[in-house]
Amino acid sequence: MEYRRVKDQESYDVVSQKDIESPGERSLSSTSATSSLSTAGASKGNNSWKLKSIVTLALTLLTSSQAILIVWSKRAGKYEYSVTTANFSVEALKCLLSLIALYRTWNSQGVTEDNRLSTSFDEVSVYPIPAILYMVKNLLQYYIFAYVDAPAYQILKNLNIISTGVLYRIILKKKLSEIQWAAFILLCAGCTTAQLNPSSDHVLQTPIQGWVMAIVMALLSGFAGVYTEAIIKKRPSRNINVQNFWLYIFGMLFNLVAICVQDFDAVMNKGFFHGYSFITVLMILNHALSGIAVSMVMKYADNIVKVYSTSVAMLLTAVVSVFLFGFHLSLAFFLGSTVVSVSVYLHSVGKPQPQK
């Protein structure tokens, strides 16, 4: 009996000791878990911030250098290379990059119904329309520099916001807020102000041909963008790289037709890459990577990042053009680019809120 009482007392002491220590241990475990979650959250936040910063910087540099590289690729005021072959090279490179991305997806996830390349005629038949629109728009961007300089091009390029917004309303039946309509008016005013030339007999620096080409490019870009978005949203589960692949395939085909129509003799006699320089190669890489950067913005960042990149790119293009091409920064250009930046920002934040 005495022995049993001693054992019971020892068991009670052990249990009591556990009861005394448990709250502290639980508190310590809880503190450790909270600390781990906080550290993980902070690390995730830092990684997200770094990724957004890298994507923003990349998109800004690519956007601002597009017009500069096109102008810089000229020799004695004209293109020594064939612009149709350059366009074809851009589409081919984007197609290759899409295949590389798909290959990585197949290795990690396997081939599924949504990421396989084989498809139906009905699905593929919708891609020729945006492909040919993008081809014409991309060709026009080479010829518009006969009438505008690089900074003016960056300003006028924002006209596609207006065409995209109006076509969104007409084709996709999306409503535009009052702020967005006001942003359109500001955008037109900013583009016009930036082109004012008080020191010349001509009111605007850009001739009528440049404005017409800029408006046509904006319409083509807007319609192609809205049409492409409608295609993508028709089957949202479809891998974006598969959709891009087929779009770029048709882009290559149409650019091949353009080569045969416009530059067939020159390509056959002088070669496909005749007149290419290091700047030309950089320009092709820039155009291909710009599309990837925009996709990364949509996936890893948000639309406001694209807005900031566009605004900074306009000013950065102007500053670089001062040193490379002797561009003169005027008060009208500075005020106009500021108004354009504000209008782009208002268009982004003025999106109608979804009804609950």
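Glycine is no exception: its Cβ is also placed from the backbone N, Cα and C atoms.
Taken straight from Swiss-Prot:
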TOPO_DOM  1-52  topological domain 'Cytoplasmic'
REGION    1-43  region 'Disordered'
COMPBIAS  1-24  compositional bias 'Basic and acidic residues'
COMPBIAS  27-43  compositional bias 'Low complexity'
TRANSMEM  53-73  transmembrane segment
TOPO_DOM  74-82  topological domain 'Lumenal'
TRANSMEM  83-103  transmembrane segment
TOPO_DOM  104-125  topological domain 'Cytoplasmic'
TRANSMEM  126-146  transmembrane segment
TRANSMEM  150-172  transmembrane segment
TRANSMEM  176-196  transmembrane segment
TOPO_DOM  197-211  topological domain 'Lumenal'
TRANSMEM  212-232  transmembrane segment
TOPO_DOM  233-239  topological domain 'Cytoplasmic'
TRANSMEM  240-260  transmembrane segment
TOPO_DOM  261-277  topological domain 'Lumenal'
TRANSMEM  278-298  transmembrane segment
TOPO_DOM  299-314  topological domain 'Cytoplasmic'
TRANSMEM  315-335  transmembrane segment
TOPO_DOM  336-356  topological domain 'Lumenal'
Secondary structure content, the topological domain 'Cytoplasmic' (104-125) (per DSSP, counts of residues):
10 helix, 0 strand, 12 coil
Which listed range (83-103, 126-146, 150-172) shows the maximal number of Cβ pairs under 8 Å with respect to the transmembrane segment (315-335)?
150-172
Given the transmembrane segment (150-172), which of the listed stretches 83-103, 212-232, 240-260 has the most Cβ pairs that are under 8 Å apart from it?
212-232
Recorded stretch that, among 83-103, 126-146, 240-260, has the most CB pairs under 8 Å to the transmembrane segment (212-232):
126-146
Same-chain residue ranges lying at least 6 outside the transmembrane segment (83-103) that approach it to Cβ under 8 Å:
115, 117, 135, 138-139, 142-143, 239, 241-242, 244-245, 248-249, 251-252, 255-256, 258-259, 262-263, 267, 272-273, 280, 283-285, 287-288, 291-292
For the transmembrane segment (126-146), find every same-chain residue at least 6 residues outside the stretch whose CB is under 8 Å from a CB in it, and list them.
67, 70-71, 74, 79, 83-84, 86-87, 90, 153, 209-210, 213-214, 216-217, 220-221, 223-224, 227-228, 231, 246-251, 253-255, 258, 287
Same chain, outside the topological domain 'Cytoplasmic' (233-239) by at least 6, Cβ under 8 Å from its Cβ: which residues?
102, 105, 114-115, 123
Across the topological domain 'Cytoplasmic' (233-239), what does the pLDDT come to on average, as a whole number?
80
In the same chain, who gets a Cβ under 8 Å from the topological domain 'Lumenal' (74-82) while lying at least 6 residues past its ends?
142, 145, 259, 262-263, 266-267, 272-277, 280
Count the residues of the topological domain 'Lumenal' (74-82) that DSSP assigns to helix (H, G, I), to strand (E, B) and to coil, and report the three numbers in that order.
0 helix, 2 strand, 7 coil
Positions whose Cβ lies under 8 angstroms from the topological domain 'Lumenal' (261-277), at least six residues beyond its ends:
73, 75, 79-82, 84-85
Would you mind splitting the topological domain 'Lumenal' (261-277) into helix, strand and coil residue counts from DSSP?
9 helix, 0 strand, 8 coil
